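**Q** Okay, handing you the structure first.
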Amino acid sequence: MPEPALAAQITPMENVPWGAPLALYFTLIGLPSGLTLILWWRAARPATAAVPGASPGGGGGEGWRLDWRAHWTVLALLTAAGALLVTDLGRPERFFLMLTAFGNWDSPISLGAKLIAVKSALLALALYLLWDLLWARRRAAGPGGGPLPAARGPARAVDRALPWLLGAASAALAVYPAAVLARTWVSPLAATPGAALLYLLTALLMGGAAVQLLLLWPPGGAAAEDPARRRFTLGLLTVYAAALFFAGISVADGTPARESLDALLNGGWSALFYGGVLGAGLLLPLLTLGLAGRRRWAQPAAAVGVLAGACALRFLIFAA
Amino acid sequence: MARLGMLIDLSTCIGCHACSVACKAEFDVPLGVFRDTVRTVEEGQYPKAAKHFVPVLCNHCEDAPCLDACPTGAITRLENGEVVIEEGDCNLNRFCMAACPYDAIYEDPEKNVAQKCTFCEHRTADGRQPACVDACPTGCRIFGDLDDPDSRISVTARENGTDVWKPEAGTRPRVLYVDPRRALPLIAADGVQMDTGADLAGE
């Protein structure tokens, strides 16, 4: 029999309100958020920095190709996330109510739907601007074309603000699941101090892994950047490992979160934790990148492991 | 304006479920879910075994987590303190269900909205008692104004001392218990909804 003071906010109740669609949603929503954040960071850094990608996305070179693919990927993932929410709610008009009801700003659950809508609109604008820029370049490169005029006035302001707005929406979307889950009896681990940081880091890891996989085609297109991407991934994994460790030891004894953590370490979820989070998500990429990082297969293999591990941790914070 | 609440004297509850049945009949509550029920919990071992009956329902908390959780404003507090769900505004996101530490909110499979005890708001608005209070054969439930020092509920609470269910949740419930045998801590890990998976089919 658990101590009464401990038991109240544990999750002993059989009537778990959220099912598979929400578990999948909270797990996967980190991917589009992280992908946009990684692109944003990459675009804001000089080309020589240790960030993944061939060259800054906002400028010339082949960066636009990755931006184009990544934006469409993110848009598809956000559409899928919206579809999951509609599936969970049962009817599209209920999702619409999430978007249009502003009565209770204290309730973080509707912020996810609103963020998805805002980010999708921003992405559509970003894709239009990218498409417009590419056409302008083609016209300028063709017969009779001149130098490309720089954006001015409102167009320039939009051009500059858009990446920041996308970054802000993505950061919020990466972290808000912790705010939702922390207010429930479903996920005691989400109420621990490190949960928001872990959600952010897993989103970034998922984004970095997705960039790595998006760069697989065309083959060899970004081979020159391989060492930089390897260093970046190793660095992120090191921060992630440290955050995981300190988040774990920050959980106090005698709390509901401790019960959940014990379930991860020694209970029913331990196989997924050791195999998925630590094995596939940390050890595999660290060993692969550390020992065989120069081989062509190493980075995609590490990316798949990172994706699997990050997904496993996000799911475990929700479900354990 | 009154601040309505309920007091349940556990020393007189006999676990007959008349309250549960009356509630089911009043609201046509579907099978497998509950607005109001009685938890039965055993304590100790022979020859010192004891059995407790603890009626449980929505606590109409002063700091109601469901009220703060609802994104559409479907959950509201009436002037008399009763916390109710406006069916038309509910989009069944289930955040209220996940936020309630008492598991007092359920999904109505027929109406497809979240539902819970309303303290029989339709009856109390007419000056009547909630159905569960009327149905209790031992009178273990007292419903009334917690702010009126002369009301029966206030007098009983003052004379006997009261506890609340899951005080560590910090919700300041308006359902108070007279619990001389300390039964409430025994259901600290339970909720209003119960696992009915092992029940026989109802049809």
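Just so you know, glycine gets a Cβ as well, placed from its N, Cα and C.
Taken from TrEMBL, the feature transmembrane segment covers A:22-41, A:72-91, A:111-131, A:162-185, A:197-220, A:232-252, A:272-293, A:300-319.
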**Q** Below 8 angstroms Cβ to Cβ, which residues of this chain, lying six or more residues outside the transmembrane segment (A:162-185), approach it?
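**A** Those are 9-11, 13, 26, 29-30, 32-34, 36-37, 40, 43-44, 58, 108-109, 111-112, 115-116, 118-119, 122-123, 125-126, 129, 191, 195-196, 199-200, 203-204, 256, 314, 317-318, in sequence order.
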**Q** Mind checking which residues of the chain, 6+ beyond the ends of the transmembrane segment (A:72-91), have their Cβ under 8 Å from one of its Cβ atoms?
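**A** Residues 18-19, 21-22, 24-25, 28-29, 31-32, 35-36, 98, 112-113, 116, 119-120, 123-124, 127, 210, 214 contact the transmembrane segment (A:72-91) from elsewhere in the chain.
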**Q** Which residues, given as numbers and ranges, are at least 6 beyond the ends of the transmembrane segment (A:22-41) yet have a Cβ under 8 Å from it?
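**A** For the transmembrane segment (A:22-41), the sequence-distant neighbours (Cβ-Cβ under 8 Å, at least 6 residues beyond its ends) are 51-53, 57, 66-67, 70, 73-74, 77-78, 80-81, 84-85, 88, 112, 119, 123, 163-164, 166-167, 169-171, 173-174, 177, 180-181, 199, 202-208, 210-211, 307, 310-311, 314-315, 318-319.
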